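S.K.: Take a look at the following structure, please.
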Amino acid sequence: MSTKEKLISHVMKEEPVGSGNKVTVVGVGMVGMASAISILLKDLCDELAMVDVMEDKLKGEVMDLQHGSLFLKTKIVGDKDYSVTANSKVVVVTAGARQQEGESRLNLVQRNVNIFKFIIPNIVKYSPNCILMVVSNPVDILTYVAWKLSGFPRHRVLGSGTNLDSARFRHLIGEKLHLHPSSCHAWIVGEHGDSSVPVWSGVNVAGVSLQGLNPQMGTEGDGENWMAIHKEVVDGAYEVIKLKGYTSWAIGMSVADLVESIIKNMHKVHPVSTLVQGMHGVKDEVFLSVPCVLGNSGLTDVIHMALKAEEEKQVQKSAETLWGVQKELTL
């Protein structure tokens, strides 16, 4: 008899039981791993699968996390074969070419489209009912690409969008007012990145509109220069990349925040990238961030934001820029 047989007496043969809330992270780069650890530490799933084409890096990251299994309640698996991702509830795609210092997110696009042509069909094959969350940049265009390649209904494909931009915005407003970001309500919509749109008209603390107190807020004529805060949001990622080479922690936490709302069916509102055709005067098939309700079925509702004419114009301009790039893509 083996030690195991001497220690344990078998009562019944276990049937394989699928995990009810399995999450897959595609890509074990900086963002993928920050997302993975954030999801693990928030205890969001029974099983976390990781997949990547870089076999050694993947194996090392999976082993490193598994060595911490004692401190977690999640089964951790990883393989370059997508069968390891089977029956995922949420699949987070972080894989792709990384933004170089000074490179715009839009410049990355065709490089990443080609990578997606391999990834997306594999996800669909093994998790045909999953909710697909795109994080790779340029996120709005790649969410559109994932939607097209997957054939999924629009409510099951979303991009991490401006969830992080809005978090940065709220953090910076909080710094200026000496308040916790959760008490500073503020939204950034539109494109994740350089042409994102700060909705100054909606910025409030405890229901008190800041623009009501300072009508010039967010304009050139504002003596307090609140506009600089949005510039800081846009430049924030570039600044972090310049200083440490990449961004990871905040986007990882942002991803876990979105995964939590889906898995726990929270019906929380997040600014995420979705199909906005027909909203805010957008005519083309583009994905941009607007406030959306997230739950177990995916992206269930969109909140009608009252945008000022100038804000709406900026959203339309973003949409035109993205469509200009999208229509040149070979899918």
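Keep in mind that glycine also has a Cβ here, set from the backbone N, Cα and C atoms.
According to Swiss-Prot, the record shows the following:
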BINDING   29-57, ARG98, ASN137  NAD(+) binding site
BINDING   ARG105, ASN137, ARG168, THR247  substrate binding site
ACT_SITE  HIS192  active site, proton acceptor
S.K.: Please name which of the binding-site residues listed here, GLY29, LEU41, LYS57, is nearest in space to THR247 (substrate binding site), Cα against Cα.
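M.R.: Nearest in space to THR247 (substrate binding site), counting only the binding-site residues, is GLY29.
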S.K.: Closest to LEU41 (NAD(+) binding site): which of the recorded positions ASN137, ARG168, HIS192, going by Cα position?
M.R.: ARG168
S.K.: Tell me, by DSSP, whether CYS45 (NAD(+) binding site) is helix, strand or coil?
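M.R.: Looking at the DSSP assignment, CYS45 (NAD(+) binding site) belongs to neither helix nor strand, so coil.
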S.K.: Among all chains shown, work out which of the recorded positions LYS57, ARG168, HIS192 has the most CB atoms within 10 A of its CB.
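M.R.: Neighbour-count leader: HIS192.
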S.K.: Cα of ARG168 (substrate binding site) to Cα of GLY29 (NAD(+) binding site): how many Å, rounded?
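M.R.: It is 22 Å, counting Cα to Cα.
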S.K.: Using the alpha carbons only, what distance in Å do you get between HIS192 (active site, proton acceptor) and ASN137 (substrate binding site) once rounded?
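M.R.: One finds 9 Å between the Cα atoms of these residues.
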S.K.: Around the Cβ of ALA49 (NAD(+) binding site), how many other Cβ atoms lie within 10 Å? Please give the count over every shown protein chain.
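M.R.: Excluding its own Cβ, the number within 10 Å is 28.
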S.K.: Using a 10 Å radius around each Cβ and counting other Cβ atoms from all shown chains, which of the binding-site residues MET33, ILE37, CYS45, VAL53 yields the largest count?
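M.R.: Per the Cβ count within 10 Å, the most buried is CYS45.
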S.K.: What is the interatomic distance between the Cα atoms of MET33 (NAD(+) binding site) and ASN137 (substrate binding site), given in whole Å?
M.R.: 16
S.K.: Between LYS57 (NAD(+) binding site) and ASN137 (substrate binding site), how many Å separate their Cα atoms?
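M.R.: If we compare the Cα positions of LYS57 (NAD(+) binding site) and ASN137 (substrate binding site), the gap is 21 Å.
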S.K.: According to DSSP, does LYS57 (NAD(+) binding site) fall in a helix, a strand, or coil?
M.R.: helix
